[in-house]
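First the structure, in the form of structure tokens, and then the observations on it.
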């Protein structure tokens, strides 16, 4: 969650005859017992001005990739809500597309501007910003949770607002840019003065730096070929699976791998290349945690609670009724999510405050963006000197950030109550007063821990605004407030990660900011359109047994109900179980931290354990298969596995993710798969038994 080298070649990116010179320098210095640093390797290259880092080809490639990644993130949002980091895939594919384009132009003699690592950083930033809206836009959580479909499924009469392309795009445009302006004045403090790590941003920068060396470029080509092979396989496998799903509970996705009894409790392998790929990217402990949560819930708890039917809840309720077994599934999962979120919120906030205390201990006041760093150039390495010099060169005026925030906040405060009548203007104003401080905390915490708590801040808004509004539209008001808060704090931490990447690749802060703004604008249009395609193509979107159950939409809706109605919304004995699992989540996290990195890495994660409580463990089996493949590959050839595992996983995820585009279009056109292949259903078993034993 989550290189160095020499120039790429004599003529490949427009810098003739530099490879031999750099090679000689590198050999001489290494022969003298000196290893060149990253910026010494790249020092012969001229860093383009910030405007030339923003090219039309970069944004053209970014737009195409943003569509691809929006489909992937949307599918993950609407199935399980587990979304791995796609930064590596974005950087790799951006490098491949532009590098192929520049080679073609170079052969025809039309290449005017070489492809640089700064332009590669712009592409990666733009793509991640755009596809990030597919997550922070709430299409699988708070936004879809407002719909009538989820309201009916939750048994709630607290109002609804059905999705519409117009108001969704308008809503995203007025809330998605505030986080960018809220932390821009703090870029120097976070990156240079506090020297925060931002592990994901640092890893992405090293990846991009390595791509633009001969060794890295060769490896990148091999990685792209591998990605392409598995992309093709995954796409074709998606088509093959679709061909046999003409009815319900048919096709390979309904294969009773461990028998019919286990299948009824969702223990089966559904042949999803997406989650096999996700399992290869996610750490082992996440996959084990998800499987453990599935075993505890669907293997033990739900069968036991079903035996209390007629005592704890009425026997005649439908399976989706929140006052029956479904209520236990949803609210116990919510309790674990809240316990995990509260613990990590307090932990990260504490680390943030302690870190700030030590950072500011020797200073009279908090430094501001336009001050010079107190470190003298003699204390800095060559790389740090060069990076700091260029990072501070293209400054973004503080007045511009403040004016942008105030302007957009004013427009948003006026517009949002017109889109959502339940959200009063003073609710919005209070959020925007506190949002910059929370955005700073989230960005600082992400720099220390690589953990964005955007969803936790969103849940905080659900309960505070929902309780404030009360029964008079409080459910919808809480969900909308969640969306406003999530967008601000999420984009703030994303931007600071990108500033760290830009700092390490010598990309200008201005180009990073512009790229983030353009990427966010793309996402505000692309993501709603992708969601709208899903929404129109699948009539059962959001229902528990559907192909796209959107589990967090139900979870967020019921959080808002809980915030308004209190514990009266819970079934019998559910509150006691919620207390137990809330406390268990805190205890597990505390134990994990006490044991330290070595032994704590074997302790499961409560947030991951909670997801299958509602959905079932079938996708956990897919993820564990991905983990097993990676584990065996690393045992056989660790070097090759480390180099190509991310490319294989990305190919599996991208191929299956992009297959949702033609499958959605076919569904919109009314084209149904031709065959329904049943695998050992009970009806099939009965027919087989009668055929084999006609007298029985």
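Numbers here mean position along the shown chain, with the first residue as 1.
Note that Cβ sites are derived from N, Cα and C of the backbone, with glycine treated the same way.
TrEMBL annotations: computationally assigned, not manually curated.
Check TrEMBL against the ranges 425-448, 545-568, 641-664 and you find transmembrane segment recorded for 425-448. Of all ranges given (31-53, 54-76, 192-214), TrEMBL attaches the label transmembrane segment to 54-76. Feature annotation (TrEMBL): of 262-283, 284-305, 350-371, the stretch labelled transmembrane segment is 284-305. Segment annotation: TrEMBL labels transmembrane segment over residues 611-631 (candidates 611-631, 674-694). Feature transmembrane segment, per TrEMBL, maps to range 460-493 of the set 222-255, 460-493. Under 8 Å from some Cβ of the transmembrane segment (54-76) lie the Cβ atoms of residues 82-83, 86, 89-90, 93-94, 97-98, 101, 113, 119, 122-123, 126-128, 130-135, 139-140, 274, 278, 511, 514-515, 518-519, 522-523, 526-527, 530-531, 534, 548, 653-654, 656-658, 660-661, all in the same chain and six or more residues away from its ends.
Within the same chain, the transmembrane segment (284-305) packs against the transmembrane segment (611-631): three or more Cβ pairs sit under 8 Å, each pair at least 6 residues apart.
Of the two recorded stretches, the transmembrane segment (611-631) does not lie close to the transmembrane segment (396-419), with fewer than three CB pairs under 8 Å once pairs fewer than 6 apart in sequence are set aside. If you look at the transmembrane segment (513-535) against the transmembrane segment (122-144), you find at least three C-beta pairs under 8 angstroms, all six or more positions apart, and that counts as contact.
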